[in-house]
């Protein structure tokens, strides 16, 4: 039952927080977690380990990338999660993490800088479970997901033993009921003596999910420890960027050192940008058209350097910022602008293109394909600018042209020849 609500699709850029920040939110919500604190220097790590007073503590590198346990630091240290047995060892290990880049499968060769570590007590799990809350289209709302197989990659569990994953949809209007949480805890295999405790933690996590407009709360693992207590050992929370206006406290926590510089600039200019490995820059309005443009470039033997959707209501300023983003990538050898003007006016895009080409002194070829609202005004603006911008009405032709031009620029670079492009308007 969707209560007659019309679900409107929106562009979404999810915010991810560091584990220690997520754990602090869990603690505030009354969820059971191991004791621990974040350290920004080896000396702080020493002091926290000493204060915890347990015979062994866990040092966890704080980087926004998966697979840290199997990663390698530039210091040579293997693994982003380490068990240590003294405050001195905590200091030594954290000194090989803090201020160093961690390389994992997810980060690739760029790596991610580790600026802090989480120092926490070691607990001994008797059993590990997987628990998550996410939004699922098939249920038109939130769903609780649980599995008796925690502490491992849930994608592997889904592929190998899908029956080990259980789901409990929640009616977003009525909210979570205790019997739903209890039912899930039982299906996940929690012993009867701690089913209620597990269910209570699930309800608190669901309330946190709602309170902060999260798109996902993932606990892997949720455990029964050797004392028979239910604990959340790790937390990953994603937040919907559309809620930034009412979740200022959360969005102010964003760690920009973990983001690609270009993603940071794109977020400031309110552009949907993803950097890729190719050499043909793309500037398009609408995510669907942007993907189709990348496909047609690939079809003609080229490789896109980015996904960039300027959206339906782009301003001259945003178009200029989009060009800055594209040209900041030194791999880009040619640019294809593909605009279909519905709400978006082609003449506004043309003004932005002309301004960007002039201000940024763009030396690489720019191919522009414009169709729709005020297209004739746009073409006149480009023609009157006196700039060497190549206009083309047909997308297929435009794609062929931009691929060919990128090949020519590649050849001139290899031959170390400086070529000035005199393109017909």
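Every residue number used here counts from 1 along the chain in the order it is shown.
Including glycine, each Cβ sits where the backbone N, Cα and C put it.
Residues annotated as ATP binding site in Swiss-Prot, with sequence analysis given as evidence: 60, 67, 68, 69. Taken residue by residue with DSSP, residue 69 (ATP binding site) is part of a helix. Cβ neighbours of residue 69 (ATP binding site) (same chain, under 8 Å, six or more residues apart in sequence): 79, 80, 81.
Among the features that Swiss-Prot reports, Mg(2+) binding site is placed at 220, 234. In the three-state DSSP scheme, residue 220 (Mg(2+) binding site) falls into the strand class.
As annotated by Swiss-Prot, substrate binding site applies to 285, 342, 343, 344. Around the Cβ of residue 344 (substrate binding site), the number of neighbouring Cβ atoms within 10 Å comes to 20.
Per Swiss-Prot, the feature domain 'ATP-grasp' maps to 23-250.
Long-range Cβ neighbours of residue 40 (N6-acetyllysine) (same chain, at least 6 residues apart, Cβ-Cβ under 8 Å): 98, 115, 116. Annotation source Swiss-Prot lists N6-acetyllysine at 40 (among others), citing similarity to another entry.
Annotation source Swiss-Prot lists phosphotyrosine at 46, citing similarity to another entry. In the shown protein chains, 21 other C-beta atoms lie within 10 A of the C-beta of residue 46 (phosphotyrosine).
Summarising the annotation, Swiss-Prot assigns N6-succinyllysine to 50 and lists similarity to another entry as the type of evidence. The Cβ of residue 50 (N6-succinyllysine) has 87 as same-chain neighbours under 8 Å, each 6 or more residues away in sequence.
Among the features that Swiss-Prot reports, N6-acetyllysine is placed at 50 (among others).
A 10 Å cutoff on Cβ-Cβ distances gives residue 91 (N6-acetyllysine) a total of 21 other Cβ atoms nearby, all chains included. Taken from Swiss-Prot, the feature N6-acetyllysine covers 91 (among others), and the record attributes it to similarity to another entry.
Using a 10 Å Cβ-Cβ cutoff, residue 101 (N6-acetyllysine) registers 16 neighbours. Marked as N6-acetyllysine by Swiss-Prot on the basis of similarity to another entry: 101 (among others).
According to Swiss-Prot, the feature N6-acetyllysine maps to 105 (among others). In the three-state DSSP scheme, residue 105 (N6-acetyllysine) is classed as coil. Cβ-based neighbour count (10 Å, all protein chains) for residue 105 (N6-acetyllysine) stands at 10.
Taking all protein chains in view, 12 other C-beta atoms sit within 10 angstroms of the C-beta of residue 178 (N6-acetyllysine). Feature annotation from Swiss-Prot assigns N6-acetyllysine to 178 (among others).
Taking all protein chains in view, 18 other C-beta atoms sit within 10 angstroms of the C-beta of residue 241 (phosphoserine). Taken from Swiss-Prot, the feature phosphoserine covers 241, and the record attributes it to similarity to another entry.
Swiss-Prot lists 303 with the feature phosphothreonine, giving similarity to another entry as the kind of evidence. Under the three-state DSSP scheme, residue 303 (phosphothreonine) falls in the coil class. In the structure as shown, the Cβ atom of residue 303 (phosphothreonine) sits within 10 Å of 15 other Cβ atoms.
Within 10 Å of the Cβ of residue 330 (N6-acetyllysine) there are 7 other Cβ atoms, across all protein chains. Positions annotated as N6-acetyllysine by Swiss-Prot, on the basis of similarity to another entry: 330 (among others).
Marked as N6-acetyllysine by Swiss-Prot: 400 (among others). Cβ neighbour count for residue 400 (N6-acetyllysine): 19 (other Cβ atoms within 10 Å of its Cβ, all protein chains included).
Other residues of the chain with a Cβ within 8 Å of the Cβ centroid of 285, 342, 343, 344, the substrate site, are 286, 312, 313, 339, 340, 341, 345, 372, 373. Annotation: no binding-site residues among 285, 342, 343, 344 have CA atoms within 10 angstroms of the CA of residue 105 (N6-acetyllysine). Cβ crowding, taken as the number of other Cβ atoms within 10 Å, peaks at 285 among the binding-site residues 220, 285. Of the candidate recorded positions, 46, 220, 303, 330, the one lying closest to residue 344 (substrate binding site) when CA atoms are compared is 303. Annotated pair residue 91 (N6-acetyllysine) and residue 234 (Mg(2+) binding site), C-alpha to C-alpha distance, rounded: 22 Å.
Calculated from their C-alpha atoms, the gap between residue 400 (N6-acetyllysine) and residue 285 (substrate binding site) amounts to 20 Å.
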